[in-house]
């Protein structure tokens with residue numbers, strides 16, 4: 001535990017020690033706002049909710065989160081600090097979890113800073129605060145999912161560009177697995193059960209459910225187990241690399 | 001070497017394969033408290049790979065590693081707690097300052113509050129990095145970075161210290177300081193260093209291993225290794241080139257001389273007179289040459305008995321393509 005917090009603290013500090021944190025947060029805030037107002041037609045809908053704001057989160061995360069995740073392990077491998085980290089008396093899970101949590105909290109901070117959107121909508125009308133809170137929680141959970149995938153793929157390579165590109169592709173598949181682009185590919189030949197299973201992997205399906213204001217245990221469980229599986233995979237890959 | 005009972009590091013038949021390539025091929029050795037073991041070998045010989053396995057960063061393909069009785073594969077964390085490690089190139093989190101970095105290491109190693117502060121202060125003083133504590137590591141010179149890495153390694157006063165090229169990139173003054181630091185810590189620890197600098201072996205190591213292509217090709221004290229040199233016990237002399245005509249023949253005619261080599265050195269000429277193998281500890285030759293010089297009126301600039309040359313032993317043992325009889329007493 002102690003080791004995990006030490007790593008968590010170091011990593012989180014690391015984000016703010018470089019321009020990365022500030023650049024990321026500014027771009028994140030700018031994009032969430034711009035997408036909601038311009039692409040989402042926030043005002044045209046004349047509804048006091050943040051639906052247009054949250055609708056774009058999966059697509060934004062698709063590119064922004066692999067950008068955060070790509071450095072998690074690839075950077076350590078490139079610089080050589082991984083040798084230091086793994087020769088310190090730190091259990092592997094503590095290193096994997098500490099790094100992941102730091103990145104997740106960092107994204108959480110960026111997400112929290114979008115609160116003026118909520119203030120605006122509260123000022124303009126009378127939104128359902130429960131739905132907004134649920135959507136924030138859903139968005140944060142989804143961010144964790146993207147991040148866990150990125151963490152695992154970052155552990156595979158020392159090349160951050162590869163880590164980024166592969167993460168975007170895998171995240172994309174997870175995002176759209178409920179949409180025709182993926183389903184049609186299977187629909188012709190696969191049995192219905194397989195298709196339902198694939199569709200149930202979709203971030204969009206689960207995220208949409210939450211943004212409607214229903215925090216279903218199944219959706220929570222989906223994101224939690226998704227993170228769990230990818231983080232275990234991260235640990236397995238880091239450990240496998242030890243064996244050379 | 002020393003009794004197995006007080007050995008703090010015990011390595012048995014260590015093997016590491018990367019795919020079809022065998023980087024380390026059956027290496028065994030042990031290091032006792034008070035010993036400074038030097039790893040010598042050409043680039044790619046398996047020195048760093050061995051160190052990476054001893055510190056638990058790489059898992060061996062085969063073999064055993066035990067640190068103060070803790071097996072690395074079973075009690076990894078217990079073993080790692082006892083080790084201080086300076087990896088090759090002294091990697092560090094460059095966005096941190098040395099102080100933040102050392103605090104992080106102290107934190108991970110379970111040092112808190114005053115204990116952490118005392119440990120950091122001591123490591124900082126020992127490595128003389130007090131002047132750059134608040135500066136980001138990526139703005140530091142190579143020498144300071146190396147010393148930050150060193151401070152990190154000795155922070156928790158480890159029983160076992162493993163350093164991969166600790167003096168690489170340091171200027172002569174810094175090299176001297178690091179060697180002094182190692183010598184200072186040596187009595188209380190078991191230390192392994194790797195180096196390319198042969199003089200370093202003589203300066204700080206109590207024992208040296210020469211590794212080539214993943215195997216130990218020589219194991220002994222620096223003096224023992226030097227005794228394997230063909231220069232061991234040879235007598236070298238330097239005299240003005242003007243006087244050197246016919247000297248080689250005269251020297252060669254002395255009793256108990258196996259060969260004479262001559263080398264021009266600017267205005268001087270250098271001669272090395274070899275004794276036959278097995279003339280250990282024989283000082284008569286140097287006396288004879290001194291008498292001869294007096295007799296012939298040679299002006300000797302230097303006259304000394306060679307202890308042996310490590311670089312020559314190193315070259316001979318690590319280039320089996322030129323001499324195949326060198327595998328001697330491989331461990």
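Just so it is clear, glycine is given a Cβ too, placed from its N, Cα and C backbone atoms.
Unlike curated records, TrEMBL annotations are generated automatically.
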A:41-57, A:58-74 - the one TrEMBL records as transmembrane segment: A:58-74
Stretch-level contact, the transmembrane segment (A:161-183) and the transmembrane segment (A:12-38), CB cutoff 8 A, at least 3 pairs: no
Distant-in-sequence neighbours of the transmembrane segment (A:58-74), which means Cβ under 8 A and at least six residues beyond its ends: 24, 27-28, 31-32, 35, 82, 99-100, 103, 106-107, 142-143, 146-147, 149-151, 153-155, 157-164, 167-168, 171-172, 175, 203-204, 207, 234, 238
Positions on the same chain near the transmembrane segment (A:131-149), where near means CB under 8 A and six or more residues out: 49-50, 54, 57-58, 61-62, 65-66, 68-69, 100, 103-104, 107-108, 111, 118, 121, 167, 170-171, 174, 203, 206-207, 210-215, 219-220, 223-224, 226-231, 234
